[in-house]
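**Student:** What follows is a structure written as structure tokens; I'll ask about it next.
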């Protein structure tokens, strides 16, 4: 069975670089990143591998909601300037890349989904828990830095809801890390209780007459933000990709 190792490029590289005392010091970065990639190959033994990188264009999520991911620390300039040479270094060693137009997330989600459609498996390497909405027996999420899988069960315990409710939960409760607004006045506890009672966001809105007046008012006033938040959280799995799986087959140079 084919197994596709899909590495969230900047998620990996920025964390490796952050271990440096001086953010302007990129000496040895290509070797450290290559070493990490080879360890991932050894751990997961994939048939295919790629790194997916964020692009420079404004993402559709940012266009939809200007506060999306607002306030995040920008990439150090030295690291930004080092990326082209880093990608070339990796390619020469068998680790080829896909450059997203904007965010890498939807490209990663599309690659993983297409691999499953082709009766294969996908392992996403990232610490971004947004990918947990994709998890299934065929799609895994691996945290390289803690050397452990991020499982559906972990996320269920963290949020207090079932796997099928992850997106609905965040649409109501929001996600401060990504500046997803959610519904004002409906925090994680309320979102969890509502989903335990009504199962889905759609059912919540179909049952406002069964909810206390104060909370129902918050839900009604926040309906548009809930719809917006749902769109922001949900990963797209059908991004057009002008590439072939064969381009990412693991090469002997990557295993060396």
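Glycine too: its Cβ is placed from the backbone N, Cα and C atoms.
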**Student:** Look up region 'Interaction with DNA' in Swiss-Prot and report which of 179-184, 185-190, 191-196 it refers to.
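**Tutor:** The range carrying the region 'Interaction with DNA' annotation in Swiss-Prot is 185-190.
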**Student:** Within 10 Å of the Cβ of residue 105 (Mg(2+) binding site), how many other Cβ atoms can be counted across all chains shown?
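**Tutor:** Around the Cβ of residue 105 (Mg(2+) binding site), 23 other Cβ atoms lie within 10 Å.
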**Student:** Given residue 186 (K(+) binding site) and residue 105 (Mg(2+) binding site), what distance in Å do their CA atoms have, once rounded to a whole number?
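**Tutor:** With the alpha carbons as reference points, the distance is 27 Å.
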**Student:** Measure from the Cβ of residue 172 (K(+) binding site) and count the other Cβ atoms within 10 Å, all protein chains considered.
**Tutor:** 27
**Student:** Within 10 Å of the Cβ of residue 181 (K(+) binding site), how many other Cβ atoms can be counted across all chains shown?
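**Tutor:** Cβ-Cβ neighbours of residue 181 (K(+) binding site) within 10 Å number 18.
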**Student:** At a 10 Å cut-off from the C-beta of residue 183 (K(+) binding site), count the other C-beta atoms across all protein chains.
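**Tutor:** If we count other Cβ atoms within 10 Å of residue 183 (K(+) binding site), we arrive at 26.
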